[in-house]
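**Q** Dumping the structure here so I can ask a few things about it.
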Amino acid sequence: YKIAENDRFFAFLDINPLVKGHTLVVPKQEVDYIFDLSDEDLAAMHVFAKKIARAIEKAFPCKKVGEAVIGLEVPHAHIHLIPIQKESDMLFSNPKLKLSDEEFKSIAQAISSSL
């Protein structure tokens, strides 16, 4: 459920979201640990993530878009962007939403059209 892409990064919905709009930003370069990215790529990834976060805010009004980098669950660097109302919305131990294909498509469209 792609939201955006450029020559270096992808943004797509997390398939096990904490909340609607939970998005992943991923470099196209194969790298396991985010801090193994070059300074230039790390900065560019955050600039790309900022654009996605602003679109998430428009599509899913929230107090903030939280950012998390954990890096243990999959062997590829990524940033979680999560629209939050309260700090506990970011707890990865929370139950994950079960969304239909149509719901995912609608969410992705709402965010991508807000770019």
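Just so it is clear, glycine is given a Cβ too, placed from its N, Cα and C backbone atoms.
Curation does not apply to TrEMBL; its annotations are automatic.
Below are the features I grabbed from TrEMBL:
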ACT_SITE  HIS78  active site, tele-AMP-histidine intermediate
DOMAIN    1-92  domain 'HIT'
MOTIF     76-80  motif 'Histidine triad motif'
**Q** DSSP on the domain 'HIT' (1-92): how many residues come out helix, how many strand, how many coil?
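**A** The counts are 28 helix, 25 strand, 39 coil.
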**Q** In terms of Cβ proximity under 8 Å, which residues at least six beyond the ends of the motif 'Histidine triad motif' (76-80) contact it?
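**A** Non-local partners: 14, 22-27, 30-34, 36-37, 45-46, 49, 66-70.
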**Q** Near the residue listed as 'active site, tele-AMP-histidine intermediate', which residues of its chain come within a Cβ-Cβ distance under 8 Å, counting only those 6 or more away in sequence?
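**A** Non-local contacts for the residue listed as 'active site, tele-AMP-histidine intermediate': LEU24, VAL25, VAL26, PRO27, ILE34, VAL69, GLY71.
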